[in-house]
Amino acid sequence: MSDSKYQIALIGGSGRMGRAIITVLSSSSKSTLSSSVVSGGSVFLGMDSGLHSGIKQNGVNFSSDLEAAVRSADCVIDFSTYQNLDFTLKACIQHRKPVVIGTTGLTELQKDALKVASKEIGIVYSPNMSIGVNLLFKLTEIAAKAMGENSDIEIQDIHHRHKKDAPSGTAEKLKSILLETLGRTSKNVIHGRHGILKERDPREIGIHTFRAGEVIGDHTVYFFTPEERIEITHRAQDRKTFAVGSIHAAEFLVGRKPGLYDMFAVLGL
């Protein structure tokens, strides 16, 4: 590994996203994998992270030593679980290392903890690191400003059958964009529908969640008017799209002042 490359510590390296990040880093010209952290009870402890990810051996074995991983890194990427967030933030603050948080399902208290931590370190937090999805966010905002007040709006979230949180973090972000842009509140949001329904409230925003098959991630925002329908859709074809965005975010953070950044800042949107 070249010392001129950014050293990236990966937390949660044995999962789907971790494997994708390891694969993309293996061919990166700017960054390299310095360590990959898994839980102390993981069956993957000591295994070569490259071989586990389906590429050639990279000499970076899975470890449970979070402190050492963070200490030796230029930036940390965390795709573990929301239960690990406090440990990640504590280690990053202690060693003054910036961190990309890709973990979804964070509680409101944890989101508040990110704001507090960002006073001391740089943090990129986004429910979706894909460049395309962040364009979806921007296009949704534009459409909401242009026609949202005169539209029935629905969000569709489709993911693989193994995904644990619902709605997805991306769907929640789309909801937040719509609520903020249109001046509405969570009282205007409805999750699915069943039974005998009253006439649709014109300010209502519906969210519909599918968990089936092996779908990586599809999201659509619908704007229905009496005359036309706009559908803004993003479909992930490969998890590498999230990995590329995450690594780009890590490279963005290195040397940057403390603060809480999103992917709009990373992409200059």
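In case you wondered, yes, glycine gets a Cβ from its N, Cα and C as well.
Under a cutoff of 8 A between CB atoms, and with a sequence separation of 6+ in the same chain, the neighbours of PRO127 (NAD(+) binding site) are THR104, SER168, GLY169, THR170, GLU172, LYS173. Under the DSSP three-state reduction, PRO127 (NAD(+) binding site) is assigned to coil, being neither helix nor strand. The NAD(+) binding site annotation in Swiss-Prot covers GLY12, GLY13, SER14, GLY15, ARG16, MET17, GLY102, THR103, THR104, SER126, PRO127, ASN128, MET129.
Annotation for HIS159 (active site, proton donor/acceptor): same-chain Cβ neighbours under 8 Å, separated by at least 6 residues, are SER168, PHE210, ARG211, VAL215, ILE216, GLY217, ASP218. Taken from Swiss-Prot, the feature active site, proton donor/acceptor applies to HIS159.
THR170 ((S)-2,3,4,5-tetrahydrodipicolinate binding site) is surrounded by 25 other CB atoms, counting those within 10 A of its CB over all protein chains shown. The annotation (S)-2,3,4,5-tetrahydrodipicolinate binding site is assigned in Swiss-Prot to HIS160, GLY169, THR170.
Swiss-Prot lists LYS163 with the feature active site, proton donor. A sphere of 10 angstroms centred on the C-beta of LYS163 (active site, proton donor) encloses 17 other C-beta atoms.
The binding-site residues in question are GLY12, GLY102, GLY169, and the one with the fewest Cβ neighbours inside 10 Å is GLY169. In this record, NAD(+) is bound by GLY12, GLY13, SER14, GLY15, ARG16, MET17, GLY102, THR103, THR104, SER126, PRO127, ASN128, MET129; the longest C-alpha to C-alpha distance in that set is 21 Å. Counting every protein chain shown, the number of other Cβ atoms lying within 10 Å of the Cβ of MET129 (NAD(+) binding site) is 28.
Ranked by Cβ neighbours within 10 A across all protein chains shown, the binding-site residues SER14, THR104 are led by SER14. Note: ARG16 (NAD(+) binding site) has non-local neighbours ARG239, i.e. same-chain residues 6+ apart with C-beta under 8 A of its own C-beta. Rounded to a whole number, the distance between the Cα atoms of LYS163 (active site, proton donor) and GLY102 (NAD(+) binding site) is 14 Å.
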